[in-house]
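Worksheet for the structure shown next.
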Amino acid sequence: MLRIVKAIFLVMIFIFVFPLNTSAQDLISINDMIENAKEYDGKHVTIQGEVIGECLERGEYSWININDGTNAIGIWLKNSDTKSIKYYGNYKYRGDIIKIKGIFNRACKEHGGEPDIHNISFEKIKSGFYIQENVSAAKIFVSIVFVISALLMFLFYYKVFRVEKGIK
Amino acid sequence: MKREKKKKAYSIEIISYYTGYIIFIISSLMIIPAVVSLFFREWSAMLDFVISSSISFIFGLALTMFGLRTRESKSNVHWKHGFAVAAFSWLVLTVLCAIPYSLSGHTQSFLDACFDVMSGFTTTGLVLLQDLDHISNGLNMWRHMLTFIGGQGMIVLGLTFLVKETGGAYKMYVAEGKDIELLPNVKGTARQIWKISIVYLVIGTVVLWIIGMIIGLNPISALFHGFYIFQSAWSTGGFAPNSQNIMYYHSIMYETVSMILFILGSLNFGLHYAIWQGKRKEVVKNIETQSFFITSFTVCILALAGLSRLHIYPDAVAGFRRIIFNVLSAHTTTGFGAVYARQFINEWGDFGVLIMVIAMLIGGSACSTAGGFKGLRVGIVFKGLIMDVKKLLTSERNMKVYKFHYIKERVLDDVLIKSSAIIIICYIVIFSIGTLLGTYYGYSLSDSAFEAASVTGNVGLSGGVTTPSMPVLLKVYYIIAMYLGRLEFLTVFALIGYIIGGIKKYVKNR
């Protein structure tokens with residue numbers, strides 16, 4: 001009996017110390033997940049990235065898209081989870097950085113075979129911000145120079161055109 | 001003095017004059033993305049377009065002025081001029097239209113910017129732009145406009161604005177890969193092509209706008225997304241405003257409407273016009289629609305059968321959204337991807353990849369926005385094969401004329417079959433070189449073949465080869481393959497021949 005208890009104890013240690021499945025704690029890049037989609041299919045995964053675009057509400061749930069710098073993927077989550085997201089990344093904003101723990105589906109049955117992640121837990125790591133657009137003085141100067149050059153060129157062309165047509 | 005004025009213009013002046021005119025038209029279109037940037041208060045992006053349009057305007061005007069004697073002397077435009085103008089305009093415009101890409105800071109090099117522009121013009125849809133999710137509305141507008149203009153044709157656009165018909169218009173029009181005559185004059189035909197596209201543009205954008213709002217996009221964003229996706233679908237381009245392409249929307253409705261639009265876009269303008277004229281039977285009788293229906297049905301069934309054996313997708317809905325959508329996207333040379341690039345290679349297996357390669361190479365219809373061999377040529381060669389078999393089996397004294405229906409009844413002769421077969425062979429050669437080059441750089445055979453078919457057929461689906469870090473030579477080759485595929489070889493060969501001829505003449509005269 002004691003031998004069996006010892007064996008179970010050892011097995012339990014092995015399971016916890018050397019897990020066969022990927023731990024949900026380990027961050028995975030989206031590209032790695034896609035590259036090894038069959039391996040990760042149906043497993044718990046953790047990804048971290050910027051929320052981009054906008055929130056697409058579908059009833060009680062929503063889609064958000066996360067870009068981790070390697071690729072982007074859709075996250076299916078409850079509407080209540082999206083409330084804490086303030087910034088969605090686009091030209092003017094750097095989106096919130098969030099950490100998602102969820103189940104990766106290589107070809108989600110619920111969503112027409114789409115590769116997605118169904119959210120289990122959600123954590124905001126860093127808030128997004130407004131990207132201050134810096135227009136350099138050099139760019140403004142170059143623009144003015146080219147616009148004036150184009151206008152002068154057009155005037156010259158117009159003059160040549162008039163001469164050619166015999167208009168004084 | 002007067003006699004000197006009447007002296008005919010040199011070829012280089014004729015080419016310069018018309019190229020300048022087309023550049024002038026396209027450069028003025030940069031005002032649209034500049035206005036979009038102004039609307040969204042994207043100041044830096046707006047200045048990028050101001051600089052780019054000014055440079056293009058100056059360049060276009062300089063070329064026009066250099067060739068001004070063309071108009072003055074009413075010089076005739078020969079076929080060689082028409083072909084050279086088309087091929088040269090595409091090259092020059094690729095460089096000029098890449099300026100705002102480069103100024104945006106979203107490209108690693110100017111070559112990458114040119115790659116994206118050529119990809120847009122040729123309605124391919126491969127992307128080297130980086131951080132696509134953060135690009136300006138102005139640049140997004142420009143990317144999608146380029147694919148829309150490229151789909152209908154830059155020469156077609158230039159001819160639309162012609163004040164009066166010129167003798168060379170038809171030659172330039174044909175040189176751009178379009179030969180359908182909807183109306184007796186080319187200017188009218190060009191305008192009709194744009195009229196058809198604009199009507200679809202309005203309907204398609206409104207439908208996608210409504211669906212966009214239903215699926216959760218805000219109204220302004222839904223309108224722009226609808227406009228972009230329509231342009232991309234109708235032009236069989238495959239660009240999308242976000243890095244996830246069509247998967248960004250997570251919507252079967254959005255995908256289905258896009259699919260309908262890209263199928264419509266891959267059909268011949270002549271067919272659209274015939275239907276507008278009430279000739280609905282044309283859909284059934286036309287050799288191209290017959291060919292498209294047979295090939296698309298065959299590749300869809302084969303892909304479904306092949307992938308169901310691998311148990312890749314769980315049910316019929318997934319089969320429709322992931323297999324049918326992608327296969328038709330490949331066949332119409334659109335390039336909207338409903339799975340990730342690497343999933344094609346890793347999950348679809350060799351059979352699935354091979355089906356996609358075949359679908360991409362066949363392509364859509366002639367005189368449409370699609371690329372590839374074109375259904376017309378496949379149909380002609382197939383009918384030619386049947387004709388030869390029939391001839392073998394019948395008496396030599398039996399002289400039968402074989403015909404096919406393409407807008408009207410046409411005689412199927414050996415010259416037509418030969419010219420169709422030559423173009424198909426050219427496509428296969430370009431595809432083979434692309435595959436060879438890919439494998440040379442260490443990509444797998446399936447990766448290389450998939451990407452080579454995608455660039456040759458102007459499709460835009462990727463197996464993961466096309467990235468900013470890919471070898472420079474491969475980027476250059478893909479640009480050339482897209483260019484050759486879109487202009488259907490002869491136009492580019494004519495330009496090369498013209499340049500070589502000019503060099504020989506110069507050397508001889510020295």
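Keep in mind that glycine also has a Cβ here, set from the backbone N, Cα and C atoms.
The annotation transmembrane segment is assigned in TrEMBL to B:21-40, B:46-70, B:82-103, B:141-163, B:197-216, B:252-271, B:291-311, B:351-373, B:415-441, B:476-500.
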Intrachain residues whose Cβ lies under 8 Å of the transmembrane segment (B:21-40), provided they are six or more past its termini: 46, 49-50, 52-53, 56-57, 59-61, 63-64, 85, 89, 92-93, 96-97, 100, 136-139, 141-142, 145, 149, 154-155, 157-158, 161
Of B:82-103, B:197-216, B:252-271, B:291-311, B:351-373, whichever stretch has the most CB pairs under 8 A to the transmembrane segment (B:141-163): B:82-103
Range from B:46-70, B:252-271, B:351-373, B:476-500 with most C-beta pairs under 8 A to the transmembrane segment (B:291-311): B:351-373
Proximity verdict for the transmembrane segment (B:82-103) and the transmembrane segment (B:476-500), three or more C-beta pairs under 8 Å: yes
Interface-richest range of B:252-271, B:351-373, B:415-441 toward the transmembrane segment (B:476-500), CB pairs under 8 Å: B:415-441
Other parts of the chain folded back onto the transmembrane segment (B:252-271), taken as Cβ under 8 Å at six or more residues beyond its ends: 151, 178, 180, 182, 192-193, 196, 200, 204, 207-208, 211-212, 214-215, 229-230, 233-236, 246, 282-283, 286, 288-289, 292, 317, 321, 325, 328-329, 331-334, 336, 338, 363-370, 376, 407
Distal contacts, the transmembrane segment (B:351-373) - CB-CB under 8 A, six or more residues away: 122-124, 151-152, 177-180, 234-237, 265-271, 288-289, 292, 295-296, 299, 302-303, 306-307, 310, 326-327, 330-334, 344-345, 423-424, 427-428, 431, 446, 449-450, 453-454, 456-459, 461, 463, 485-486
